[in-house]
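According to Swiss-Prot, the features are:
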TRANSMEM  3-23  transmembrane segment
TRANSMEM  51-71  transmembrane segment
TRANSMEM  79-99  transmembrane segment
TRANSMEM  115-135  transmembrane segment
TRANSMEM  138-158  transmembrane segment
TRANSMEM  169-189  transmembrane segment
TRANSMEM  195-215  transmembrane segment
TRANSMEM  221-243  transmembrane segment
TRANSMEM  306-326  transmembrane segment
Amino acid sequence: MFISISAGIVTFLLTLVGIPAFIQFYRKAQITGQQMHEDVKQHQAKAGTPTMGGLVFLITSVLVAFFFALFSSQFSNNVGMILFILVLYGLVGFLDDFLKVFRKINEGLNPKQKLALQLLGGVIFYLFYERGGDILSVFGYPVHLGFFYIFFALFWLVGFSNAVNLTDGVDGLASISVVISLFAYGVIAYVQGQMDILLVILAMIGGLLGFFIFNHKPAKVFMGDVGSLALGGMLAAISMALHQEWTLLIIGIVYVFETTSVMMQVSYFKLTGGKRIFRMTPVHHHFELGGLSGKGNPWSEWKVDFFFWGVGLLASLLTLAILYLM
């Protein structure tokens, strides 16, 4: 436990030092920052804010987790595969950000390219991680999927990678939402005695807390796709490594809600010839524009943050209660 906590502290300190250096480099190199293409007027002031800051907490977390696990004899197949997903999905996000920032391609990677790279990572993860017989745990009951587990694994990794990416639209929202989710998985890992996975979790929590100091409202830096895609993939990988896949539907309710809102909006828009359910999706923008109803007073970014963090925290506590108190 001491090793895991130490890893989190080291990552926190390294990120705390690394982010200001990253921002300074960004400014000196006169790199064009985040472009704003949203209809939320208050976001227009954010144009030019340095992005790709997720690169800092990703590098520090992966390196610290790797070396701490290696030198404490806690490096395992599961640790290796979680770090692999972080690196590969981080590279996908980096390429996406690179095309947007340096090549001025607003779309970045097109959907097919991004999906292909994410699926590739999912296939490699499936082939090498310790699966335990391709068994899916559904509320504690084993479901034998056999060969079909690979389709679940791909759906899980790609789905939650993109879901966290959608959540990253308000200052600080995604970073602390993921911290809350990781805390819940840290408890599960500790109870299961999987200290190797706990080490990776605490290393990333440290990195995200260090990043949040510069990412809260008003954000001095954004994590970019390099951070959000990696974090979503990590959560999915951890839920599978702990054989508690179903828990991510509750622990990750914020990401599920954000993604579902987009799917509902697009489907309803097509079916009704242009009508909308929400003012704007992902749904955090709906709250920004008009509160819960969409027709009330706009919510500040802090209010949106605390609402979603509260939902995520309650969902995480509910999951732990279901697992260990019922």
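We count from 1, first residue shown onward.
Every residue gets a Cβ built from N, Cα and C, even glycine.
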Winner by Cβ pairs under 8 Å against the transmembrane segment (221-243), considering only 51-71, 115-135, 138-158, 169-189, 195-215: 51-71
Contact check, the transmembrane segment (3-23) vs the transmembrane segment (195-215), 3+ Cβ pairs under 8 Å, seq sep 6+: yes
Range from 51-71, 115-135, 169-189, 195-215, 306-326 with the greatest count of C-beta pairs under 8 A to the transmembrane segment (79-99): 115-135
Contacting positions for the transmembrane segment (306-326) when only residues 6+ beyond its ends and CB under 8 Å are counted: 139-140, 167, 173, 176-177, 180-181, 183-184, 187-188, 191, 244, 247, 250-254, 257, 284, 287, 299
